[in-house]
Amino acid sequence: MCGIVGIVGKSNINQALYDALTVLQHRGQDAAGMVTSKNGRLFLRKDNGLVRDVFRTRHMKELIGNVGIGHVRYPTAGSSSSAEAQPFYVNSPYGITLAHNGNLTNVEQLAKEIYESDLRHMNTNSDSEVMLNVFAHELSRRGKLQPTKEDVFAAVSRVHERCRGGYAVVSMITGYGVLGFRDPHGIRPIVFGQRHTEEGVEYMIASESVALDVLGFKLIRDLAPGEAVYITEDGQLHTRQCAKDPVLNPCIFEQVYLARPDSIIDGVSVYKARLRMGEKLADKILNERPDHDIDVVIPIPDTSRTSALELANRLGVKYREGFVKNRYIGRTFIMPGQAARKKSVRQKLNAIDLEFRGKNVMLVDDSIVRGTTCKQIIQMAREAGAKNVYFCSAAPAVRYPNVYGIDMPSVHELIAHNRTTEEVAALIGADWLVYQDLQDLVDSVGGGKIQIEKFDCAVFDGKYVTGDIDDKYLQHIEKVRSDLALTAQQVANNATIDLHNSSAG
Ligand SMILES: O=P(O)(O)OC[C@H]1O[C@H](OP(=O)(O)OP(=O)(O)O)[C@H](O)[C@@H]1O
Ligand SMILES: NC(=O)CC[C@H](N)C(=O)O
Ligand SMILES: [Mg+2]
């Protein structure tokens, strides 16, 4: 779950790209990048770090042009080396740059094809560089000096035929336009919108509608699964369905945790979905223990706040902010490596003792994944003097890996894998643990929206919507992407000298 943005504007768009990336920062904290284009030249800056650290005034001054794309990264493939920050660039044909949110599941086969049949070179282990080369090769095969929209859409169709997995993509074809496209299952989110300026209409493509809102763009709509939008540099907007059998199976974890609550994804308000999650969870609690003795409901900031609020309302119990969050520490779950994640929970959250002393507290989180957060939080609640510590999760137990762009590659890192609710409760030290039921989560998000046929709920039920994920693949990603494997790689990365195309540091 990285953040992507593309803009076709009427004046320099570097500041707009920067602002959009800061709004999408919650989708990736490891690296940031943007590329702009003017008079056939590209200006690229990318590096590890937050948006505010990667782009200093001296870089911004050089990022000129009315068109460009940007990215914030949370790695799910390759390494966290700055060489794998995005956008990626290939010089042929035309000069193409690309930024990607998601994860390709047939990346090794594609990398082989690219080398052996397409005669292309790649310089990193990033799946996004692979995807760029597939797209570039397919566009190049059209053999045009000047690509038309038909050529561009035909190349996207070929990408859909060759690439497997989840992907939302922005790409810039130097001198021609900016393209956005979504995988045939619509797993990862992508929207586009427009704003009117004195110079004319400007367009933006982004991961989440909140980026459009904040920059004064009006949401036109989500891209449909398999669909592409192509905006030429002179401001002509074209859309086309490029997949054979598209079906909408959006990732439900976007609604649980990944997206900002003020975004609307596939017509669903994330905020409202989270309120409904709180309502359903309250009903389950009342069902399990009609005569419960909960004195106070306390959210674990930030993401669980919305559902905790509605849960407390429904239970008729006080809602209290018992934990204060350090606003300068980022999101824990998307940090690379368990040591950093563990350390960050204590740095990030501190208890207000008087909300806990002598009380039966119900702590609410949006999800329990590795258990890093809840274990420490429950201990803090006890140290603050709670009588009983109950815990509930607005999402069901996370028991299976994600292969479509969330870095949960290893079942052994998931606290609920092969464990019952009671076993997890004992492990995290809760006196009572309640998980949302999957059907209730689906109903909370679906909320009567019939156009969503089926969500990707694989982390909860182990059913992968693309239908091509087998045990062999899952064992493979566990081997290459688990925390243990990444720690070993880290040593290797530090010793690597990178060849990459960022402008001067
Ligand atoms: O069980 P775990 O492996 O700890 O993962 C789950 C936790 O991580 C996330 O919080 P995070 O700190 O990333 O972000 P937030 O501030 O948006 O809640 C999520 O909201 C849970 O609190
Ligand atoms: N989280 C993502 O969307 C990651 C994009 C891409 N797979 C990478 O690792 O850079
Ligand atoms: Mg959290």
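The backbone N, Cα and C atoms fix where each Cβ goes, glycine too.
Take the Mg(2+) site that TrEMBL assigns to ASP365, ASP366: the candidate from THR303, THR466, THR487 listed for it is THR303. Close contacts with ligand 1, defined as a Cβ under 6 Å from any of its atoms, occur at THR303, ASP366 among the recorded positions CYS2, THR303, ASP366. Apart from THR303, ASP365, ASP366, the residues listed for Mg(2+), the same chain places the Cβ atoms of VAL256, TYR257, PRO299, ILE300, ASP302, SER304, SER307, VAL364, SER367, SER393, ALA394, ALA395 within 8 Å of the centroid of those Cβ atoms. Residues from the recorded positions list (CYS2, THR303, ASP365, ASP366) with a C-beta closer than 6 Å to any atom of ligand 2: CYS2. Look at ASP366 (Mg(2+) binding site): DSSP puts it in coil.
The number of other Cβ atoms within 10 Å of the Cβ belonging to ASP365 (Mg(2+) binding site), over all protein chains shown, comes to 22.
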